[in-house]
């Protein structure tokens, strides 16, 4: 059974709900056999159409009457530009340029960018994935992929209360149909296609722009220091954070999820997801007030929780890995130089996680920690373990009671990270049946760790959960903006390299005095071979696409 909500078929329908819900029996695989079992209207449930019509005609219920809005460019849910022009006169925004051509290359599905190499693909069920990710020739990850997306709403009406969406049921990857240069990606981006088999066609669906790949200036220094020290001298050294971004955008019904893999020059790999698109809303009623605000006429945006599950299969110096935490804690001590003076400071202790249950991680503000992965047999020149750190920046707590209602379908959201031994049959944290199998999930994620296997010197998989609660506001009309909506986790080298790997980058700038004893003589600027010239705006390029071979990517026109 599923509760559905009636709405006006306008752009976009989820912002035009009506005070009318239907309980539909969808047990049959033939939609013509589906039946309406119950009706919800004006805060009441009716067992049949006849009962609703009789009570309506005899004025035994409170009627709700709203007019269908006109479908024009002034419609509040339209994405046509409106309001006062900004800027007042046409003036183009800044744009990305590549003065010496692209610094990355793509051969089929393998990308090379400076010290990075990786392969990528998209699963029609779960979406984007990286494979064989290497930095300076060393494999960091066998696989990093989106595994599941869920959005759980709350409310009073049957539809609002049961709107618990598990998105692999709608083939998430196949929703990445198109990207628009200049809006979704810079004009200089390389557009890359994808092909999916369909249940209803003998030929694959081919999309010409499912991914875009581009180098981007993050607008902040990756590293820098300006010194005016008498002891250390006067100098400046720094570089902008130029990164490579592989992007796809999943347009799942009303919501759009921007999925980015971001490759920094210091060996950091960031995985980011950003929510935008239309909210799902319900007809405003007093009983809905604890769950949202009235954000337009007859319209209430009800609270919901976005949750994202990622599969991160790390191979740090091989597949024999260990997971340990550095647990930060307060130390009450005395000052070394003044033994009678009490002092408080921070120290850390190392904790090796030996089993899957021991490794379950719930974020606790009172117990900060670092998460490190290493191969016990590989150390650096100082004798420290060469490791990679997992840093999660998109933490939110699933407030649902465990095992109640539809919660079992998203058991992966109970923890911010779960560590398991690699198994061929543990492909994803969810399944295509997750939208309808909450009582008996086809994939019960708790079984991945319930056997409590050892995770010492094993091939390890890290299941990372990011999420955010969203209470819609009027500014979410017409669509939710990406600003302040970013969730991410990062992989950072930790004692892996002898120094910051970006020290070899030609993007660096170093400035010091021609004569340190007489600063008035001026400065010298070293750009390491990169000249600074007036940039010209290139014409936008659209990747040529070979329909006969969707996996073949031509080099972009220069």
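Backbone N, Cα and C define each Cβ position, glycine as well.
Under DSSP, residues within the domain 'DUF1965' (14-65) fall into helix, strand and coil as 14 helix, 19 strand, 19 coil. If you look up TrEMBL, you'll see 14-65 marked as domain 'DUF1965'.
Annotation comment: TrEMBL describes 82-101 as region 'Disordered'. Counted with DSSP, the region 'Disordered' (82-101) comes out as 0 helix, 0 strand, 20 coil.
Annotation source TrEMBL lists domain 'Copper amine oxidase catalytic' at 94-503.
Around residue 167 (active site, proton acceptor), the same-chain residues at least 6 positions away in sequence with a Cβ under 8 Å from its Cβ are 148, 149, 150, 151, 250, 252. What TrEMBL records for 167 is active site, proton acceptor.
Per TrEMBL, the feature 2',4',5'-topaquinone maps to 255.
The feature active site, schiff-base intermediate with substrate is assigned by TrEMBL to 255. A simple way to gauge crowding: the CB of residue 255 (2',4',5'-topaquinone) has 23 other CB atoms within 10 angstroms, across all the protein chains here.
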For the domain 'DUF1965' (14-65), the mean pLDDT of the predicted model: 95
